[in-house]
Amino acid sequence: MSLTVVSMACVGFFLLQGAWPHEGVHRKPSLLAHPGRLVKSEETVILQCWSDVMFEHFLLHREGMFNDTLRLIGEHHDGVSKANFSISRMKQDLAGTYRCYGSVTHSPYQLSAPSDPLDIVIIGLYEKPSLSAQPGPTVLAGENVTLSCSSRSSYDMYHLSREGEAHERRLPAGTKVNGTFQANFPLGPATHGGTYRCFGSFRDSPYEWSKSSDPLLVSVTGNPSNSWPSPTEPSSETGNPRHLHVLIGTSVVKIPFTILLFFLLHRWCSDKKNAAVMDQEPAGNRTVNSEDSDEQDHQEVSYA
């Protein structure tokens, strides 16, 4: 086996001591793969186990293979402890599901909870499948998209990956149609584009995948509100409710304003009318009033 590490020891010595470490004493660490978990044959991959708990040792275990449990001294930097397990030349017998654990020096029999599982897959072993998009690689926003992965090879499972995402989607291959086996991955209404690839695998070797399909760029154009009418945005035949809301709102504001304006105009006109009537009184009345006023003035002078 070509699994190499800076320093390692089989944790089997615990069995020789007649004791198996207790798990779950500390929080689980994290397990990452650099540059990624899909590895071509003969390439190098680094499995990094790290934690904010200051573990003195890290153990790496592959499911189903007890003898593949490896141990490394942890490195401490900036409040983080970590260990890098290096697979220098990827081979089929090194693919599988890995987990890591942490332990401290004063309690070597007590391990942390296991990290989340990490599947290391070797790719490029079989013929590449084809990847296509329905209705096409360029779609309107909100339009339903389905990606079809197909091949003449009788793959049992297809795997769809998207650049920038850590996990793949998988579907079993359907029945043979026109000489090909395929799986259809519905993506639902399109919102964002992306670059996709797909792989094929067989049931008896789930960690050994085919070559990657050619990359497929899915582009999304347009605005969902413009491209796809919604209950709040029907077609022009039924009118636009947003415009209707604006009109209704404007009308509600205008009605009381109009009533108030009418009331003010009516009052102003009434005042003007009364003023005009006063101006048109007979001259006799005005004379009498004047004489009465003079008469009163004379009386006041007499009394003086």
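Even glycines carry a Cβ here, placed using N, Cα and C.
The annotation domain 'Ig-like C2-type 1' is assigned in Swiss-Prot to 42-107.
Annotation source Swiss-Prot lists domain 'Ig-like C2-type 2' at 142-205.
Annotation source Swiss-Prot lists N-linked glycosylation site at ASN67 (among others).
In this view, ASN84 (N-linked glycosylation site) is surrounded by 16 other Cβ atoms within 10 Å of its Cβ, with every protein chain counted. In the three-state DSSP reading, ASN84 (N-linked glycosylation site) counts as strand. Marked as N-linked glycosylation site by Swiss-Prot: ASN84 (among others).
For the recorded site, ASN144 (N-linked glycosylation site), the DSSP three-state label reads strand. What Swiss-Prot lists as N-linked glycosylation site is ASN144 (among others), and the listing cites sequence analysis.
Sequence-distant contacts (6 or more apart, same chain, Cβ under 8 Å) of ASN178 (N-linked glycosylation site) do not exist in this structure. According to DSSP, ASN178 (N-linked glycosylation site) sits in a coil region rather than a helix or strand. Per Swiss-Prot, N-linked glycosylation site is recorded for ASN178 (among others), and the stated evidence type is sequence analysis.
The annotation region 'Disordered' is assigned in Swiss-Prot to 220-239 (among others).
Look at Swiss-Prot and you will find 280-304 (among others) tagged as region 'Disordered'.
Here Swiss-Prot flags 1-21 as signal peptide.
The annotation topological domain 'Extracellular' is assigned in Swiss-Prot to 22-245.
What Swiss-Prot records for 246-264 is transmembrane segment, and it gives sequence analysis as the kind of evidence.
Its own atom aside, the Cβ of ASN144 (N-linked glycosylation site) has 12 Cβ atoms within 10 angstroms in the protein chains shown.
Here the CA atom of ASN84 (N-linked glycosylation site) lies 43 Å from the CA atom of ASN144 (N-linked glycosylation site).
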